[in-house]
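Working notes, beginning with the structure itself.
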Amino acid sequence: MFLVALDRTILATAIPRITDEFHSLTSVGWYGSAYLLTCCALQLIFGKIYTLFSVKWTLLWSILIFEASSALSGAAPNSTALIVGRAICGVGAAGIFAGVVVCIVHVVPLHKRPQIQGMFGALMGVSSIVGPLIGGGFTSNVTWRWCFYINLPVGGVAMLVILVFLKIPDQPTAQAPLSEKIKQLDIPGTVLLVPGTVCLLLALQWGGQTYPWSNGRVIALLTLAGVLLVGFSAVQVLLPRTATLPPRIMKQRSVAAACWATLTINCGNYIIIYFLPIWFQSIKGASASESGIRTLPLMISMVAGSISGGTLNTKIGYYTPLAIVGTCLMCVGNGLLTTFEVDTGAGKWIGYQILYGLGLGLAFQVPNLATQASLPKKDVPTGLALMLFATLLGASVFVSAGENVLANQLVKRLAGVEGVDISLITSGGATSLLQSLPDGVRKIALVAYNEALREVFRVGLIPTCLSVLGAAALEWRSVKKPAGKVSAEDGEKETKNVDKETTEKT
């Protein structure tokens, strides 16, 4: 899990050197997008696979795919090969994300999972901090290719440990004939879901950046995505027995609330993570590495909130209060970020980040816990895959939205400023443009840029506030499984009866 989390951030500081070597400035966006497209599109599919095949061997195959694609990316002779390697890497990452949380479900008792998930949350925070530092170190002192090669020895050790020590009983369906498993894989749904998700993400990546939103390519992609995803939903309803996302899962109150909370938390969070460093670089004149250091208060407080939240959850049992408190703190922290001025001091931007980070640490693991506590064990892999899908989708949608809002606001606010070339802003050169302006004009442009970024933070505030609704809608279940109450994990009979009834109907 650490390798996959690290892989998302380690490349950031290496990209300039990669573009210099491959002369591929126009391909920069695809180094991240190719990974995101396959990882997001296949997340729900892996949730289904883990319910049918051996958890241990599916995870091992996923790591092997991740390792092979890392080797391909590291040895890439050109930009195209690197993009292909990143796309295959996303396939392995999708399997690893789902596999690790499924292993936790099988190995760790429910009442101890909050602490484990808190540790994983801390791991994600640490990877966000050290990833760019490691990537910069490899790029400066060895070669950017070691950003990928580092996965090989570490992943090899992980595979060996899993092979020898991980003991997970096979699913009942693991012994079924391969032909029967393939029938259960929801081929019609997969054929609709994967291209539908890819079309949606491509439209969001291209819209307003590569092409205007009115461009025929973007409109066609959005239309096709809508048709395919509606078709996928219809298949899930009409063929529930083999559905990738059975309707009974989405009808469960806590799962629906958790999905909403996950989506909205990540929509707002990725706005902060992506645009806060831009504020430091453009408004405060920080370098790329300095802006990373200045976001440490957010990352460290998130790690602290995640660990303390997991410990507290284990003691009190109930996770809903943590979700409510956490999302409320996020709202306050995000709201304060929208008050940034050009001369905002360190005390404020550090304090605002700490407030937001603590809330994020308390809240962002709760949807996964709610899913595990609310679903029968056989449905947990699918439920967790849904949460991961919502995470990736939220990140994609709102980073794209934020980029468009920033570009539009900059054009609107700087169009009348003398000496400002609007074409440089729309091509992504606003920060360097500010530094080249005369002092008098620069002050005006700086205020305009700050106002534009505040608008972006306001965009992130909307889903952050909406996440409180998802947190409040969660059922009050305890991970301690109080005596006399049957937990969702022990409700296998109920689910089997539902499956039996569904089979008879079909």
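One is the number of the first residue shown, and numbering goes on along the chain from there.
Yeah, the Cβs are placed from backbone N, Cα and C, and that goes for glycine too.
Here is what Swiss-Prot records for this protein:
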- 487-506: compositional bias 'Basic and acidic residues' (COMPBIAS)
- Asn78: N-linked glycosylation site (CARBOHYD)
- Asn141: N-linked glycosylation site (CARBOHYD)
- 481-506: region 'Disordered' (REGION)
- 22-42: transmembrane segment (TRANSMEM)
- 45-65: transmembrane segment (TRANSMEM)
- 88-108: transmembrane segment (TRANSMEM)
- 118-138: transmembrane segment (TRANSMEM)
- 146-166: transmembrane segment (TRANSMEM)
- 187-207: transmembrane segment (TRANSMEM)
- 218-238: transmembrane segment (TRANSMEM)
- 260-280: transmembrane segment (TRANSMEM)
- 292-312: transmembrane segment (TRANSMEM)
- 349-369: transmembrane segment (TRANSMEM)
- 380-400: transmembrane segment (TRANSMEM)
- 456-476: transmembrane segment (TRANSMEM)
Among Asn78, Asn141 [glycosylation sites], residue with fewest other Cβ within 10 Å: Asn141
Sequence-remote partners of the transmembrane segment (218-238) [C-beta within less than 8 Å, at least six residues beyond its ends]: 186, 188-189, 192-193, 195-197, 199-200, 202-203, 206-207, 211-212, 244-247
Asn141 (N-linked glycosylation site) and Asn78 (N-linked glycosylation site), distance between Cα atoms, whole Å: 21
Helix, strand or coil at Asn141 (N-linked glycosylation site) [DSSP, three-state]: helix
Result, the transmembrane segment (146-166) in contact with the transmembrane segment (45-65) (3+ CB pairs under 8 Å): yes
Annotated stretches the transmembrane segment (456-476) and the transmembrane segment (260-280) touching (3 or more Cβ pairs under 8 Å): yes
Proximity of the transmembrane segment (260-280) to the transmembrane segment (187-207), 3+ C-beta pairs under 8 angstroms: no
Touch test for the transmembrane segment (292-312) and the transmembrane segment (146-166), at least 3 Cβ pairs under 8 Å: no
